[in-house]
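What follows is one structure encoded as structure tokens, with my remarks underneath.
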Amino acid sequence: MAAAKFTALLIAGPTASGKSALALRLAEKLGGILINADSMQVYRDLRILSARPSAEEELRAPHRLFGAIDGAVNFSVGLWLEAARNILEEARQAGALPIFVGGTGLYFKALTQGLSDIPAVPDDIRAKLRARTEGVAATELHAELSARDPLMAARLRPSDPQRLLRALEVLEATGRSLASFQSRRGPPVLDPAATRAIFLSPERAALNLRIDERFEAMLASGAWAEVEALRRRGLDPALPLMRAHGVPHLIAHLEGKIPQDEAIRLGKRDTRAYARRQFTFARHQLPGFVWAEPREAEALALA
């Protein structure tokens, strides 16, 4: 078994770039514990649609935080970071290399740069705001935020309803701009000098094709049944899992609201758009990561 020259390994990248397969090979070679850094793979409901490792793959190396959380839970970055700290201690005591793998840039940013201490938003405030803004266009949310919190509005895209709602929730709950909390960060969990961080960067056209093909393969392998089971749970549509890529459109088809081919087209479109955002986030928010073609990444990690 090879010996690592670092105390933690981070494998990030866009969806469908081959992160999980690479991380598993490296865990086998380096004696690693795989720690999930994907905000959808933490949930147990959608193994297929979230591309979570299979049960057979999970037997090949220790896996942590994969399918660990019920879909009814709003599992925040702070909760994930707390769990990650505990697993890091487990890895150290076992003499195993912690290997973080996933596509959620915010998780990696929290690990390597620290996390802002943002107060929890009470459920009643969140529910009232969600009810008031249901069906409201993202551009209208941005206009409201611009009027009430221009500093934060300037940082957010008018096409990003999730982050716009988050900014409005914090404003409602605290009377303060989310920007004021983001300016104060706790210390990073990992020492950047002792961490190897890699961002997989496949060629864009090939990645888009792989995304489309994988989405079709997921549907053929049982994703429809997964989504139907999730739909029957009657969870709040605002929960993170209910907004997973493809889920709203597949549910819309299952409820007879849109044709099947339209649901599939929109699911693929949203996943490709997510991949573009992952590239953008990494470029601007993850400065310590080395970008590598997938075929070069294993050698880079082992060097």
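Quick reminder: no glycine exception, Cβ is built from N, Cα and C everywhere.
As the structure is a computational prediction, the values presented were derived from the model and not from experiment.
The 10 Å shell around the Cβ of GLY13 (ATP binding site) contains 28 further Cβ atoms across the protein chains shown. In the three-state DSSP assignment, the secondary structure recorded for GLY13 (ATP binding site) is coil. The feature ATP binding site is assigned by Swiss-Prot to GLY13, PRO14, THR15, ALA16, SER17, GLY18, LYS19, SER20, with sequence analysis given as support.
As annotated by Swiss-Prot, substrate binding site applies to THR15, ALA16, SER17, GLY18, LYS19, SER20. For SER20 (ATP binding site), applying a Cβ distance below 8 Å and a minimum sequence separation of six or more within one chain yields ALA51, PRO53, GLU57, VAL101.
Counting residues 6+ beyond its ends, the region 'Interaction with substrate tRNA' (38-41) has Cβ neighbours under 8 Å at 50-52, 65-67, 75, 80, 101-104, 106-107, 240-241, 244-245 in the same chain. What Swiss-Prot lists as region 'Interaction with substrate tRNA' is 38-41 (among others).
Beyond the ends of the region 'Interaction with substrate tRNA' (162-166), by six or more residues, the same chain brings 129-130, 133, 138, 141-142, 145, 156, 178, 243 to within a C-beta distance below 8 angstroms of the stretch. Among the features that Swiss-Prot reports, region 'Interaction with substrate tRNA' is placed at 162-166 (among others).
Close to THR104 (site 'Interaction with substrate tRNA') in the fold, though at least 6 residues off in sequence, lie ALA37, ASP38, SER39, each with a CB less than 8 Å from its CB. Residues or ranges marked as site 'Interaction with substrate tRNA' by Swiss-Prot on the basis of sequence analysis: THR104 (among others).
Under the heading site 'Interaction with substrate tRNA', Swiss-Prot lists ARG126 (among others), citing sequence analysis as support. Counting every protein chain shown, 20 other Cβ atoms lie within 10 Å of the Cβ of ARG126 (site 'Interaction with substrate tRNA').
Within 8 Å of the centroid of the Cβ atoms of GLY13, PRO14, THR15, ALA16, SER17, GLY18, LYS19, SER20, where the record puts ATP, the same chain has further Cβ atoms from GLY103, LEU200, PRO202, PRO294. Those same-chain residues not listed among THR15, ALA16, SER17, GLY18, LYS19, SER20 yet with C-beta within 8 angstroms of the centroid of the substrate site C-beta atoms are GLY13, PRO14, ALA21, ALA51, GLY103, LEU200. Around PRO14 (ATP binding site), the same-chain residues at least 6 positions away in sequence with a Cβ under 8 Å from its Cβ are GLY103, LEU200, PRO202, LEU207, TYR274, ALA275, GLN278, PHE279.
Take the binding-site residues THR15, SER17: by the count of other Cβ atoms within 10 Å of each Cβ, the lowest one is THR15.
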